[in-house]
């Protein structure tokens, strides 16, 4: 009897467990993980979300939240964060998408393919302290490019490294890790494009640009947009690079949060940090929600192969 | 397939632009770290590279970060993976909630987690230990989405119900089913997860910097304030180390899972 039931459960989806497996004591098995994640994941999340509606003495009030919402400093930092994330997401998505196309049009599984993919997976994680040093060594005072520029192009912006320590510089740094991330996310999509579509288009007399305009681009748009949303979240959440490059505490929201939390002048303000964090989480949740919707659309053709 | 002139031209333009963007800073790091500094040397010098060994804070930080990575891997092996298998086998009702829990860190940036977890770590450093190794707790949560993705793909590919049934019929205990039967079959997924663990722990800066723990990245930033050349040399060395790790871990399809943050 039980043997027969097991046959029914043999599906990979695991939807149908037999009654034998579903005893109450099974719930004890997830208890250690639940305790652990409760401590290190659910508690901090709850702490931030509920803390945003409290003042620094633990009383419920929306005062701090409203203060942060109306503060011009906070709004400025938030606008900077959104602007840099949007710009680097778009530039990174375009450059990374084109590079992914260049990889796909090469020999599949060739040396260039392998090197590009391996390097991308390393460089996509290469944010933070080390990235800052790489760009200081390139464009900073006494860096490789700026030294050359001082010699040969003394009147261009390259000769004067101050641009590096602002919005432009930060965007250039962020784009550095956005491109490889885009390659990793978008490459599988391009590889899944069916060659038969191109052949059909060619056989019916379509030109190359017509194929891209009418078939390629429309079909790739949802996954491209989805990937761009991922890149947006990626730079919106970034803290380490900005922290090591510029020491302006109110320049970006993550920097502002860190200052509110650890202020060295003694004015630490956890309630403000939590309110700012809540606004960040709201943006990320909205963007990830859009991403999930887009992925659903994509998976219809991408996964049914 | 023969490519037309236009396609080839486009292709090489894109490749050179992106390669220039990505490779020039890397070469600049090498250039900068071998620049002469002080009065003693001229031309190229490897003094900065030699000075890596003389940094008093660096080696303890590296060993601590590696120990932390090892603990994170142990948490993956003995807590997260068994729980994922348990949920797949015995509690299909909980699959969706478990997935949501694992994907939660995607919606919460590290800078936000640190705000929420600061009181907990204040308590831990007073009552348990001040060591940065305690960060393993929060790190293992940060990598949950990646671990979950590679695990669930691996678990879906194997018919673990039949395996578990066969093993139980032959008298295996549930511990043996999980650790002796199912885990070996999803080895690739676990190896991928471990690789991400090492990369994350060695690269983490946000949480440790704000909570005042001296991890690898925090020490590099600290060296950078006094000696730029050495800091650049250390950064390049650690980048090469990660590339080396990537080459010696022989797994197929790693590239897809490292950053496959597909929540749909």
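From the backbone N, Cα and C atoms, a Cβ is placed for every residue, glycine too.
Keep in mind that what you see is a predicted model, and the values were worked out from it rather than measured.
Among the features that TrEMBL reports, transmembrane segment is placed at B:12-30 (among others).
Among the features that TrEMBL reports, domain 'ABC transmembrane type-1' is placed at B:62-249.
Marked as transmembrane segment by TrEMBL: B:66-89 (among others).
Here TrEMBL flags B:101-121 (among others) as transmembrane segment.
Feature annotation from TrEMBL assigns transmembrane segment to B:163-183 (among others). Under 8 Å from some Cβ of the transmembrane segment (B:163-183) lie the Cβ atoms of residues 77, 81-82, 85-86, 89, 190, all in the same chain and six or more residues away from its ends.
Proximity of distant same-chain residues to the transmembrane segment (B:189-207), defined by a Cβ-Cβ separation under 8 Å and at least 6 residues beyond the stretch ends, is recorded for 65-66, 68-69, 72-73, 76-77, 81, 110-111, 113-114, 117, 135-136, 138-140, 142-143, 146-147, 150-151, 153-155, 183, 213, 215-218, 221, 238, 242, 245-246, 249, 251, 254, 257-258. Residues annotated as transmembrane segment in TrEMBL: B:189-207 (among others).
Among the features that TrEMBL reports, transmembrane segment is placed at B:228-249 (among others). Long-range contacts of the transmembrane segment (B:228-249) within the same chain, counting only residues at least 6 positions beyond its ends with a Cβ under 8 Å from a Cβ of the stretch, are 26, 29-30, 32-33, 35, 37, 47-49, 51-52, 55, 58, 191, 195, 198-199, 202, 216, 220-221.
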